[in-house]
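The structure appears below as structure tokens.
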Amino acid sequence: MQHNQLLEQLYSGHSLSTSESTALFNAVIQGELSNEQIAAMLIALKVRGANTEEISGAVAASLQNAKAFPYPNYPFADIVGTGGNGQNTINISTTSAIVAASMGAKIAKHGNRSVSSKSGASDVLTALSVNVNVTPEQARQALDEIGVCFLFAQQYHSGFRHVAPVRAALKTRTIFNILGPLINPARPTYHLLGVYAPELVKTYAETAVALEHQHSFVVHGSGLDEVALHGETQVAEIKNGKIEYFTLTPEDFGLKTQSLESLRGGEPQENAQYLTALLQGKGKAEHANAVAANTALLLKLFGYDDLKQNVQNVLAHLVSGKAFETLQKLTTY
């Protein structure tokens, strides 16, 4: 079907099938649509609300066009959020990725520059002297040797440059704001995915099933795209094609409720200082607790089922300073 027919289908309020969505997003990523067509398509999807098939198709097209990553023969995970929650916290998922890796898990973290905060994953890593532009082969080597690597979205999804000016001009959230966590080019075995809005938990969970995720958690934590300690966290667990919905509280992690204010971050350089202190075992208790809760859920994907025990193990590990050694090694690639 021609692009124009697919666009016409969207304009008339009809949904696209997964294969139709894949075809249309392939055209976008390969630069076959004008800015006006891309804008119209994104707004049509936004006004109606993209469904599971449309999101799955967009993910499929993104992965088909992504730069290849040498696939490992061992299980590994990603911990990544949509961003865009406007809360401007410290880089919790980036820190959790490094901590989990230094505890023996394998984490291929997909990330980008900041969406709405002052410091996205690649911003803070750059401030920490990590080269976010390593080749796929170098990233894979880091994953093999130290258990963690960073995949900079812009490097793997170069076709997204065709959408960038349109997104900038529209100044509103579009389907591209929710694609990021789902399009890790390493195609992880496990996923801990954070979403910026509670209504996205179900959409994301159903999309994860459509994408045949082996074992994933989707979380929204009282306004945050990660596990919260200032309120409840809504969770969807996706395993073997089935979804289970539940709520987690700070008590489930053996932790006390703490204010969201205590996790406020700043510019990349400031967040880098918080992160360094934390990995050296000298960080703020509230920062350590937030990272421990998120890392605890991440470790559950690797079979460590006791969240309270996981939290205690992470907190003890942070005090040891071993996680900082992992960060130092990451800067050598």
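Every residue gets a Cβ built from N, Cα and C, even glycine.
If you check Swiss-Prot, you get these features:
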- Gly81, 84-85, Thr89, 91-94, 109-117, Ala121: 5-phospho-alpha-D-ribose 1-diphosphate binding site (BINDING)
- Gly81, Asn112: anthranilate 1 binding site (BINDING)
- Ser93, Glu226: Mg(2+) 1 binding site (BINDING)
- Arg167: anthranilate 2 binding site (BINDING)
- Asp225, Glu226: Mg(2+) 2 binding site (BINDING)
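Known features from Swiss-Prot, placed on the structure.
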| residue | record | Cβ contacts under 8 Å, 6 or more apart |
| --- | --- | --- |
| Gly81 | 5-phospho-alpha-D-ribose 1-diphosphate binding site | Ser93, Pro181, Leu193, Gly194, Val195, Tyr196, Asp225, Glu226 |
| His110 | 5-phospho-alpha-D-ribose 1-diphosphate binding site | Asp78, Val80, Leu151, Ala153, Gly180, Pro181, Ile183, Asn184, Pro185, Ala186 |
| Asn112 | anthranilate 1 binding site | Gly83, Gly120, Ala121, Ser122, Phe152, Ala153, Gln154, Gly180 |
| Arg113 | 5-phospho-alpha-D-ribose 1-diphosphate binding site | Gly120, Ser122, Asp123, Gln154 |
| Arg167 | anthranilate 2 binding site | Leu42, Thr174, Phe176 |
Among the binding-site residues Thr89, Ser93, point out the residue whose Cβ has the most other Cβ atoms within 10 Å, with all shown protein chains included in the count.
Ser93
Packing count at Glu226 (Mg(2+) 1 binding site) (other Cβ atoms within 10 Å of its Cβ):
28
